[in-house]
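Colleague: Sharing a structure with you now.
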Amino acid sequence: MLDCASVIVGFTGAGISTESGVPDFRSPGSPWMVNKPIPFDAFVRSRAARIEAWRRKFTMDDHFAGAGPNRGHRALARLIADGRSPGLITQNIDNLHQASGIPDDRIVELHGNGTYATCLTCGWRHELAAIRPAFEASGEPPSCIMCGGVVKSATISFGQAMPQAQMLRAHDLTMRADLFLVAGSSLVVFPAATFPVIAKRNGAKLVIINREPTEQDVIADLVVRAEIGAALAPLA
Ligand SMILES: [Zn+2]
């Protein structure tokens, strides 16, 4: 199917990063369960919630400090480097696709990026390397040096609006695909999980590589129930 495809678009979720040591939110015993992300409205409304959110965020960062891209990331990077794929859609926030060598402008991050922060008012980018020591010294949540606004990890939290530009880019990529390759997503988080359906309706072949069954297996042309790294390694 890969050989027959002319435009391959990858779609990834947490499963592609587990081989790198990044815990999957839904796995039993995941440290995410004791460090659950704070919902967006609470973060905006409450200073105490912001403090707790930053404490949990840095605790989670320590869990996957030093995680690097694996065979699955490298395989998808190869497809893009070889010109067989115009870009990649990811639900992940771990920056490992960039670390595998894919240029930023070829990656659509539907749920943002956890390796930096932004001001919710003016959008100014803030680096964690500056925020963390200041937070740990003062216990105060960061505020924006430009406008005084609330600074938040650049991820999309529960209850936060989806990023419109990223949604449009993802839709555009999906409509170009003649092979849509889902890797490591259980396809339960919407609206992200609509893209494989859109691709299929648009005539693309749909391949789902995931350790667990998904609700979209019934519309897939091929389901590979295997570890992502092992399944994609021949491509890398
Ligand atoms: Zn600001």
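Each Cβ is built from the backbone N, Cα and C atoms, and glycine gets one as well.
When I checked TrEMBL for this same protein, it listed these features:
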type	residues	note
ACT_SITE	His111	active site, proton acceptor
BINDING	Cys119, Cys122, Cys144, Cys147	Zn(2+) binding site
DOMAIN	1-236	domain 'Deacetylase sirtuin-type'
TRANSMEM	179-199	transmembrane segment
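In terms of burial and nearby residues, how do these features look in this structure?
Modeller: Residue environment of His111 (active site, proton acceptor) contains 20 other Cβ atoms, counted within 10 Å of its Cβ in all protein chains. The DSSP secondary structure for His111 (active site, proton acceptor) is coil.
Annotation note: Cys122 (Zn(2+) binding site) sits in a coil segment as assigned by DSSP.
For the transmembrane segment (179-199), the residues of the chain that approach it from at least six positions outside its boundaries are 1-2, 4-5, 7-18, 26, 72, 76, 89, 91, 110-111, 162, 167, 170-171, 205-212, 214-216, 219-220, 228, 231-232, judged by C-beta separation under 8 angstroms.
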Colleague: Can you list, in sequence order, the residues of the same chain other than Cys119, Cys122, Cys144, Cys147 whose CB lies within 8 Å of the CB centroid of the Zn(2+) site?
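Modeller: So the additional residues around the site are Leu120, Thr121, Gly123, Trp124, Ile145, Met146, Gly148, Gly149, Val151.
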Colleague: Please report how many Å separate the Cα atom of Cys119 (Zn(2+) binding site) from that of His111 (active site, proton acceptor), as a whole number.
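Modeller: So the alpha carbons of Cys119 (Zn(2+) binding site) and His111 (active site, proton acceptor) sit roughly 16 Å from each other.
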Colleague: At the Cα level, what's the spacing in Å between Cys122 (Zn(2+) binding site) and His111 (active site, proton acceptor), rounded?
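Modeller: One finds 19 Å between the Cα atoms of these residues.
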Colleague: If we count other C-beta atoms within 10 Å, could you say which of the binding-site residues Cys119, Cys122, Cys144 has the fewest?
Modeller: Cys122
